[in-house]
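Engineer: Dumping the structure here so I can ask a few things about it.
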């Protein structure tokens, strides 16, 4: 009980998904201020992480249902909120892409990749560090979505490929970490110009002159290669357009597992070993950040390397701890609380709001 007082909020078993998300939603506005955001569920196997992040799952079907909206979890609700926030901005100044991966046995699998027949099949990818010190997954499938429904459909497809096996503790035990990423790309004008979100006149003028939307232009890289002559407005805009990308990473971690209770053997035992090691690596990373060490061991695990940009630097991280109340799970529950305590000790210091530059008068 004393350790629980360290946390921002403790939910009882009667509180709804609505109540949980009400505390999560304010964090999402940071995406539009230029910050990366990560929301993850951590806890022992069978403690309710997938329900918290996705919502109820149909028996025999790995996809979540949207029939009971009140039961939807953080992932679908967060996406709805992101699109609601974006809808309040001038059109044509942004686009949203989604990727879905699982980290299974310390390997990354792209759950939206398609085979030669156009069927989704998990394809192994690798994570690298760019020259700028950012984490990146080359060839990862990013699909542009225009609303929450398209997003839910893609996540639904990806979930059907997620590795799951029954154990003595949980009949539908997730054997991998699920990472759903929304990448929001904003069109920004040079050093002395604000975003199109903040300048509706520029947005209206360019939408009138342009032959296609900004997202399509930037994706196809055809802003200056049109067969017909570009207008002065188009040329001027193209020269000054930049992209600002922010990520929302939504993570349903595989559960920490006591082999003696779960009764796993063979391949499942190997899975458990990788799960526990990756969770330990995640705790080590948070510990290093909390203690402000010179070296943070992101590369000790594919999971932490993948999440580097969303849990390090000045990114914003929210951890949802899921605890099983049974006395027999006390050891695992205390371990989960210890992880949460470590995460709670991370201090970002004084963070300045990352407002995009506002247009200067006369320019």
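From the backbone N, Cα and C atoms, a Cβ is placed for every residue, glycine too.
Annotation source TrEMBL lists domain 'Kinesin motor' at 1-346. Annotation comment: TrEMBL describes 43, 44, 45, 46, 47, 48, 49, 50 as ATP binding site.
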Engineer: By a 10 A CB contact count over all chains shown, which of the binding-site residues listed here is most packed: 43, 46?
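Structural biologist: Going through 43, 46 one by one, the largest Cβ count within 10 Å is at 43.
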Engineer: Can you count the other CB atoms that lie within 10 A of the CB of residue 50 (ATP binding site)?
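Structural biologist: By my count, 29.
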Engineer: Taking the Cβ of residue 45 (ATP binding site) as the centre, how many other Cβ atoms fall within a 10 Å radius?
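Structural biologist: Excluding its own Cβ, residue 45 (ATP binding site) sees 25 Cβ atoms within 10 Å.
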Engineer: Are there any residues in the same chain, six or more apart in sequence, whose C-beta is under 8 angstroms from the C-beta of residue 48 (ATP binding site), and if so which?
Structural biologist: 322
Engineer: Residue 49 (ATP binding site) has how many other Cβ neighbours within 10 Å of its own Cβ?
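Structural biologist: Neighbour count, Cβ to Cβ under the 10 Å cut-off: 25.
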Engineer: What same-chain residues, at least 6 away in sequence, bring their CB to under 8 Å of the CB of residue 47 (ATP binding site)?
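Structural biologist: Looking at Cβ-Cβ distances below 8 Å from residue 47 (ATP binding site), excluding near sequence neighbours, one finds 255, 322, 323, 324, 329, 336.
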Engineer: How many other Cβ atoms sit within 10 Å of the Cβ of residue 44 (ATP binding site)?
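Structural biologist: Summing over all protein chains shown, residue 44 (ATP binding site) has 24 other Cβ atoms within 10 Å.
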